[in-house]
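Written below as structure tokens is the structure these notes are about.
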Amino acid sequence: MRQVGPVLGRRKEECEIFDFSSVFSFTMTILIEQLPVEIQADETNIHAQNQKELVLGDGFAVPETNAFGHNFRDYTVESARQQGVENFYKINHFNQTYDYVSKMRVEYAKLDKAEMSIWECCELLNDVVDDSDPDLDEPQIQHLLQSAEAIRKDYPDEDWLHLTALIHDLGKVLLLPSFGELPQWAVVGDTFPVGCAFHDSIVHSKYFKENPDYNNTAYKSKFGVYSEGCGLDKVLMSWGHDDYMYLVAKENGTTLPSAGLFIIRYHSFYALHKSGAYKELMNEEDKENLKWLHIFNKYDLYSKSKVQVNVEEVKPYYMSLIEKYFPAKLKW
């Protein structure tokens, strides 16, 4: 079998921003509801030690609860944040159609929104909080460093994986004005294929019934416009930060292995890597890369914490990886 990524089993315990003022030249029905401006967490469930800086031991241990004292990815627990999360998915599932995704990919493939380095982009995420995330309400740069540092402890020789963890959510800059200031439903949340039937394992799948594609005969069958084993690179995924960052990395000539690009593009595709849905669309390379995505997911999900990483302390290491795998400036 052709090797498509690193070998598994080696486990050891000046930024120029362009103005974005163009208006898309397509028309569609968009469901708009006002999400809460600020969703407050129940601070009584946050342990006192979470106020300290992040200190990792000999290996990463999966915590029992998230930053709010609840189970991870529990979309049923009653809380103010959970109500906002469910409302987010209601809007997301209505608006993410095959036509919408197709047009967004064309628009953002132009890479004409900014020119800057990877680290400059990391710093932009200081002001970004993900409204779809039931597990954390911290600025995104902390999540990036938490997951990267956790992986670094357990897989010290896989530097490409450390960097992948650092950059996997950089596409969330789509929320910022210079990148179009897209609504949260068009940037974050679990991703899923469009152009074929929506699977019941997708979070809050009941809201797909209002999606214009739900009863479209071209899209409602198991394979829809695709074919068995066609490969995920042939499948349109709901538009968001995953696909955008994949486009940025690929078109700027990153030397990350295919497994790294696969992780960036599909890390929010929980219906696949958690529930096993849509596997019939995968080809052999996808199946090999999925092994690495399963490894990555543990750190992406369970490293989320109120505990802070010392940014200046770890910055030199990640700057060296950025220089190794990316050009000094990228088009975004």
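The backbone N, Cα and C atoms fix where each Cβ goes, and this holds for glycine too.
Taken from TrEMBL as is:
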| type | residues | note |
| --- | --- | --- |
| BINDING | Arg73, Asp130, Asp131, Ser132, Lys172, Gly189, Asp190, His267, Ser268 | substrate binding site |
| BINDING | His143, His168, Asp169, His241, His267, Asp300 | Fe cation binding site |
Least Cβ-crowded entry, counting other Cβ within 10 Å, from the binding-site residues listed as Lys172, His267: His267
Listed binding-site residues among His143, His168, Asp169, Asp300 whose Cα sits within 10 Å of Asp190 (substrate binding site): none
For the Fe cation site built from His143, His168, Asp169, His241, His267, Asp300, further residues of that chain with CB within 8 A of the site's CB center: Leu144, Ser147, Ala165, Lys172, Asp242, Ile264, Ser268
Rounded Cα separation (Å) that holds between Asp300 (Fe cation binding site) and Ser268 (substrate binding site): 10
Whole-number Å value for how far Lys172 (substrate binding site) lies from His143 (Fe cation binding site) (Cα to Cα): 12
Cβ neighbours of Asp190 (substrate binding site) where a neighbour is any other Cβ within 10 Å: 21
Cβ atoms near Ser268 (substrate binding site) (within 10 Å, other residues, all chains): 23
